[in-house]
Amino acid sequence: MSQFSHFNEQGRAKMVDISDKSSTMRTAVAASSVRMIKEVFHKIEQREIGKGDVLSVAQVAGIMAAKQTSTIIPMCHPLALKGVDISFDWEEDGNAHILNIQVQVKTKGSTGVEMEALTSASVCALTVYDMCKAIDKGMIIGPTYLIEKTGGKNGDFHRASDI
């Protein structure tokens with residue numbers, strides 16, 4: 001098992017020094033989902049939610065979240081992201097509908113973008129919940145997980161199967 005690098009000699013948290021790491025292309029893809037009743041699905045699709053176009057707002061919120069990850073996750077480095085792409089698709093499951101969210105983040109730098117992708121996917125889901133909670137407070141968020149990451153000295157990661 002590898003040692004955690006976010007602790008100093010005193011066992012206190014520190015931001016890892018990445019100044020000696022080479023700059024390479026880094027990507028990460030993360031996913032989340034929101035399970036909801038049919039009524040919410042139909043109102044989102046018909047753009048009848050009082051707070052606005054849910055998917056457009058969630059998409060912008062997700063992009064903003066990716067760019068702000070280092071301000072809310074203490075040990076994340078601020079990164080100059082090169083791209084954030086968010087896609088949505090619907091799945092029907094009995095009486096419920098599931099909004100699947102997928103986020104791809106890219107940069108060229110000396111640290112990965114997994115946390116940016118995960119934060120973005122999470123904030124997309126939270127935004128959908130916030131905009132629709134007046135209709136259904138029983139929506140279920142998640143799971144939220146990393147699908148893949150590329151670049152860096154630890155190599156690539158590709159999830160073996162869907163969750």
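All positions are counted from 1 along the displayed chain.
A Cβ is built for glycine as well, from the same backbone N, Cα and C atoms used for every other residue.
According to Swiss-Prot, the feature substrate binding site maps to MET75, CYS76, HIS77, MET115, GLU116. What Swiss-Prot lists as active site is ASP130.
According to DSSP, CYS76 (substrate binding site) sits in a coil region rather than a helix or strand.
The Cβ of GLU116 (substrate binding site) lies under 8 Å from the Cβ of ALA28, ALA66, LYS67, THR69, CYS76, LEU79, LEU81, VAL84, VAL105, each on the same chain and at least six residues away in sequence. Other residues of the chain with a Cβ within 8 Å of the Cβ centroid of MET75, CYS76, HIS77, MET115, GLU116, the substrate site, are THR69, SER70, ILE73, LEU79, THR111. Around HIS77 (substrate binding site), taking its Cβ as the centre, 16 other Cβ atoms fall within 10 Å, counting all chains. Highest local Cβ density among the binding-site residues MET75, CYS76, MET115 belongs to MET115, counted as other Cβ atoms within 10 Å over all protein chains shown. Here ASP130 (active site) comes close to LYS51: these same-chain residues lie at least six apart in sequence, with C-beta atoms under 8 angstroms from its C-beta.
In the three-state DSSP scheme, ASP130 (active site) falls into the helix class. Across MET75, CYS76, HIS77, MET115, GLU116, which the record gives as binding substrate, the greatest C-alpha separation is 12 Å. Secondary structure from DSSP puts GLU116 (substrate binding site) in a helix.
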